[in-house]
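Colleague: Copied straight from TrEMBL:
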TRANSMEM  21-39  transmembrane segment
TRANSMEM  45-69  transmembrane segment
TRANSMEM  90-109  transmembrane segment
TRANSMEM  115-135  transmembrane segment
TRANSMEM  147-166  transmembrane segment
TRANSMEM  172-188  transmembrane segment
TRANSMEM  283-304  transmembrane segment
TRANSMEM  324-348  transmembrane segment
TRANSMEM  355-374  transmembrane segment
TRANSMEM  380-403  transmembrane segment
TRANSMEM  445-470  transmembrane segment
Amino acid sequence: MSAEIKKRIAVGAGWMVFMRFGDRLIGLISMAVLARLLLPEDFGLVAYAILLLAILEIFAELGVENALIHDQAAPRESYDTAWTMNICKGLALSAFLLIAASPAAIFFDAPDAELVIYVLAALPVVRGLENIGTVDFRKDLAFHKDFVFNFATRLSGAAVTIVLAFVLRDHWALVIGMILRATLRVLLSYRMSDFRPRLTLSRFSTIFNFSKWIMLQNLLHGFNERLPALVIGRMTGTQALAFFNIGFEIANLASTELAAPIRRALFPGFAKMSQDRAQLADSFRWALAVIVLVGLPIPVGIAATADYIVPVLLGWNWLDTVPIIQVLCLQGAIVILGTNSHLVYLALGKPVITVWLSALRLAVLVPCCIYWVAVYGAVGAGLALVVSAVVTRFVDYAIVLPMLRIRIADFLAQIWRPVVGVAAMSMSVRLLHDWLEQSALQPYLLVKLAGCVILGAVIYLASILGLWIITGRRDGAESYILGLVRDFLTSRRMLPSRDGA
């Protein structure tokens, strides 16, 4: 049973990674187009409204989807109750946005943000109507359906927003695009799922008993995620907030576009293994090894080439994001090293541990963020995120490793080769970077970026494979990834099958 679940998790993780990288490709293309059609001030103005909505959502994150996934035998009434709770949440958020619009505009000293917030109040109502039946895509490990659902929504939403930007040429393109994208997602949810929810709260207590800890954890996590933007918006202004938001999105590509989709696939599988601690520990080590192997070079590579990426992708108006990206990439690398432990706590029915870890992170983040933003601006917020992530990660592993009976040596065995590989990659890319700055290719940014990316990929792959071979080609993330590549090439008839046929 566990082998079959692990295989389905692996396939699901592949679908989710494919989905998120496709989603990110669309997002990067959209960002590149919009950054040239709109000004940083347009993004900053909308960021105020999004920040306010995100802060309010912190208090209203119900975690009903995770409750349904955790309860493998959830009856129809639980789905209906979860859907009704989401509708109530959407209505409450909309009402609070309408009430808070004027005070928020005064707080941020951004009068133009008030009307934007009023219009954006429609967004949570639309989101609340989404068909709860789509949660079964993950619960049943039918991740190909989850891929189609999310990818189609992203593609259509990006297309609509770009068209609006060409027509309107101001921040309203972003606002209207967000609402239309949410509307398309709702329509598609009813098209792809046969489930038809009904209004009821009959199972409220059952769902709430599980989700209350998730709600508290999401509350703390939300504060951790939004506090830097809140402090920057209050202390530095619209433009700095736009730079930080864009920088955060680029720097955290690995955690948002690789680790997040894998987590999306892991939790349903971990929930099915919760009664077997040894199998859960094995799956935890396997997932950690794969995520670190594939994910760690991304933030390191972005940091090494940020001064090329920004002008190529966003244009010269966004150069102030370069130091922000470089600091946030360090935080992104730390996040990659501890990306799935909270799923273990959820699967074992101990979400309170995640709550305490989030509280610890917030306790470190608040004073660091306020002080360093005052001194260093948006870069200071990145430094605060790095320090809080380091402290939390140490405590996190001090809890999860003994809980799963994993020795420190076994843990380090999963990550040391990628760490050495990214160190070699980073040094080689920086050497090439310094040489290119003195060469005749100095004006050709795209050529320099491509050269750094190719060299970094070659050095990292060579380091990883060399170390893996030297250490005896043990079963692990490397053999798993190579197996996936071989299976892919075999399916395309680019390699002979394993049996020689």
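Using the three backbone atoms N, Cα and C, a Cβ is placed for every residue, glycine included.
As the structure is a computational prediction, the values presented were derived from the model and not from experiment.
Describe the structural surroundings of these features, if you would.
Modeller: For the transmembrane segment (45-69), same-chain residues at least 6 beyond its ends with a Cβ under 8 Å from one of its own Cβ atoms are 78-79, 81-82, 85-86, 89, 92-93, 96-97, 100-101, 104-105, 108, 110, 112-113, 116-117, 120, 123-124, 132, 135, 138-139, 171, 174-175, 207, 210-211, 214-215, 218-219, 222-223, 225-226, 229-230, 233, 238, 241-242, 245, 267-268, 271, 346.
Remote same-chain partners of the transmembrane segment (355-374), defined as residues 6 or more beyond its termini with a Cβ less than 8 Å from a stretch Cβ, comprise 213, 216-217, 220-221, 223-224, 227-228, 231-232, 235-236, 342, 380-381, 383-385, 387-389, 391-392, 395-396, 399.
Here the transmembrane segment (445-470) has Cβ contacts under 8 Å with residues 293, 297, 301, 304-305, 308-309, 311-312, 417-418, 420-422, 424-426, 428-429, 432-433, 436, 476, 478-479 of the same chain, all six or more residues outside its ends.
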Colleague: Six or more residues out from either end of the transmembrane segment (115-135), which same-chain residues have a Cβ under 8 Å from its Cβ atoms?
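Modeller: For the transmembrane segment (115-135), the nonlocal Cβ contacts are 45-46, 48-50, 52-53, 57, 64-65, 68-69, 79-80, 82-83, 86-91, 93-94, 97-98, 100-101, 104-105, 146, 149, 171, 175-176, 178-179, 182-183, 185-186, 189-190, 192-197.
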